[in-house]
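Asks: Here's a structure for you.
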Amino acid sequence: MGIREFPGGASRGKSIAIGMRRSPDVSPRRLSDISPQLRQLKYLVVDEAIKEDLKWSRSVEDLTSGPVGLTSIEERILRITGYYGYQPWAASYKREERPRDSPGPAEAQAPAAGAEAGGRGSRRCWRCSRAQLKKIFWGVAVVLCVCSSWAGSTQLAKLTFRKFDAPFTLTWFATNWNFLFFPLYYAGHVCKSAEKQSVKQRYRECCRFFGDNGLTLKVFFTKAAPFGVLWTLTNYLYLHAIKKINTTDVSVLFCCNKAFVFLLSWIVLRDRFMGVRIVAAILAIAGIVMMTYADGFHSHSVIGIALVVGSASMSALYKVLFKLLLGSAKFGEAALFLSILGVFNILFITCIPVILYFTKVEYWSSFDDIPWGNLCGFSVLLLTFNIVLNFGIAVTYPTLMSLGIVLSVPVNAVVDHYTSKIVFNGVRVIAIIIIGLGFLLLLLPEEWDVWLIKLLTRLKVRKKEETAEGSADPGSGPQSKSRRARPSFAR
């Protein structure tokens with residue numbers, strides 16, 4: 001049965017086709033139900049566009065190819081007209097007998113596609129886990145580097161003061177090495193970057209950190225000089241405290257700078273208030289008091305503790321002011337800024353060690369008596385510590401880098417136990433634990449409570465699932481229940 005076109009009957013045919021459509025809820029049962037409309041089918045005209053669409057429709061294909069199951073003239077007419085919302089493929093699909101032995105093409109390809117998707121997913125998970133393992137590996141390396149360099153510089157400074165009692169001169173000498181930051185960064189840029197720039201181009205690009213005009217004389221004195229003074233005070237107070245008290249107390253008390261950073265950020269920068277960090281700050285203050293009490297409030301120890309607390313305060317002020325005035329810096333900008341601090345130290349701080357030498361506040365008899373090996377070793381370790389602390393974020397997490405400072409405390413404690421007369425009484429041990437706990441609390445992220453709630457929820461859901469699986473095991477089925485329900489009279 002074909003479709004014939006009648007000239008001049010296009011509009012009438014369209015109206016008939018539209019009129020033949022009714023509610024899809026009604027279904028024809030006999031051919032006589034639509035006999036008035038069938039008599040008007042001779043005026044039906046199918047446009048070329050509709051013919052093209054019908055050419056690829058399943059109903060026309062079934063009519064032309066004559067599939068098995070199309071034996072009714074009513075069904076063929078209903079296929080052509082689409083009468084009452086009829087869906088021919090559903091009816092023919094029901095009549096066809098599909099072989100149940102072999103799945104269709106889509107079913108056959110589904111497992112292969114699923115396996116392929118699973119393979120891709122497993123490879124993606126493997127890549128993610130591999131990247132995470134690589135980052136954790138670098139994190140462990142960074143932690144060890146931070147811990148060893150910080151503890152080594154502290155112990156080497158203590159050893160240097162036995163022959164060279166000049167903490168400010170040692171601070172000045174070590175700060176001069178900051179000039180190497182930008183050259184080392186540029187060497188890494190040349191080795192790693194695909195688009196290599198000259199030193200002048202890289203310098204100009206990093207100078208944009210200070211503003212549109214770059215590094216001018218005004219910017220140098222207003223934005224670089226104050227940080228140079230804070231840097232010098234932080235290191236000098238730390239080194240001067242090493243002369244007064246043991247390195248274990250110095251290293252653990254310096255960890256309080258994290259609490260001071262939070263307090264200053266909360267007051268100055270209006271950072272988010274977090275109760276756990278307030279608790280950490282209270283623990284840090286309590287640890288400082290207990291550390292002072294551990295030595296019996298002697299003047300020697302009180303001065304040393306005050307110097308360390310002052311050093312931690314200067315360090316916190318440096319970090320907060322940097323974020324307030326300069327914001328965040330990229331690696332090249334941070335390297336240039338630290339090199340500028342070294343230049344400031346050479347130009348404007350050099351006069352102070354000279355004055356201290358001639359006033360015999362920090363005096364040495366001859367330059368041959370200066371332990372140059374200890375001075376250079378301390379400077380290299382301090383430079384390494386600052387490089388890893390500033391640029392280690394490129395390869396690992398910032399939290400892991402902060403853990404290196406805490407781990408330097410037990411390292412210094414072990415060294416002091418064998419090299420000095422330190423007494424680890426109960427008060428000192430409790431103070432060390434309290435300050436360390438406060439430092440670790442400060443490392444918690446801001447959304448730690450949300451993560452904790454999610455973790456507890458997952459554990460609760462997993463426990464419920466395990467309980468449900470345990471209640472649905474074969475031993476607790478209906479048969480076993482009936483057996484348990486039967487009373488056993490046999491003894």
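Yeah, the Cβs are placed from backbone N, Cα and C, and that goes for glycine too.
Bear in mind that TrEMBL entries carry predicted annotations, made automatically and left uncurated.
Pasting the feature list from TrEMBL:
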type     : residues : note
COMPBIAS : 22-31    : compositional bias 'Basic and acidic residues'
COMPBIAS : 103-115  : compositional bias 'Low complexity'
COMPBIAS : 481-491  : compositional bias 'Basic residues'
DOMAIN   : 138-292  : domain 'EamA'
REGION   : 1-31     : region 'Disordered'
REGION   : 95-121   : region 'Disordered'
REGION   : 463-491  : region 'Disordered'
TRANSMEM : 136-157  : transmembrane segment
TRANSMEM : 177-194  : transmembrane segment
TRANSMEM : 215-238  : transmembrane segment
TRANSMEM : 250-269  : transmembrane segment
TRANSMEM : 276-294  : transmembrane segment
TRANSMEM : 300-322  : transmembrane segment
TRANSMEM : 334-358  : transmembrane segment
TRANSMEM : 395-415  : transmembrane segment
TRANSMEM : 427-444  : transmembrane segment
Asks: Grab the same-chain neighbours of the transmembrane segment (250-269) for me: Cβ-Cβ under 8 Å, and only residues 6 or more beyond its ends, written as numbers and ranges.
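Replies: For the transmembrane segment (250-269), the far contacts come to 150-151, 154, 238, 241-242, 277, 280-281, 283-285, 287-288, 291, 304-305, 308-309, 311-313, 315-317, 319-320, 323-324, 402, 405-406, 408-409, 412, 431-432, 435-436, 438-439, 442-443.
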Asks: For the transmembrane segment (136-157), which recorded stretch in the set 177-194, 215-238, 276-294, 395-415, 427-444 gives the largest number of Cβ pairs separated by under 8 Å?
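Replies: Going through each listed stretch, the top one turns out to be 395-415.
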Asks: Are the transmembrane segment (300-322) and the transmembrane segment (215-238) close enough to be called in contact, which here means at least 3 C-beta pairs under 8 A that are separated by 6 or more residues?
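Replies: Stretch pair touches.
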Asks: Is the transmembrane segment (215-238) in contact with the transmembrane segment (395-415), using three or more Cβ pairs under 8 angstroms as the rule and ignoring pairs under 6 apart in sequence?
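Replies: Output no: the transmembrane segment (395-415) is apart from the transmembrane segment (215-238).
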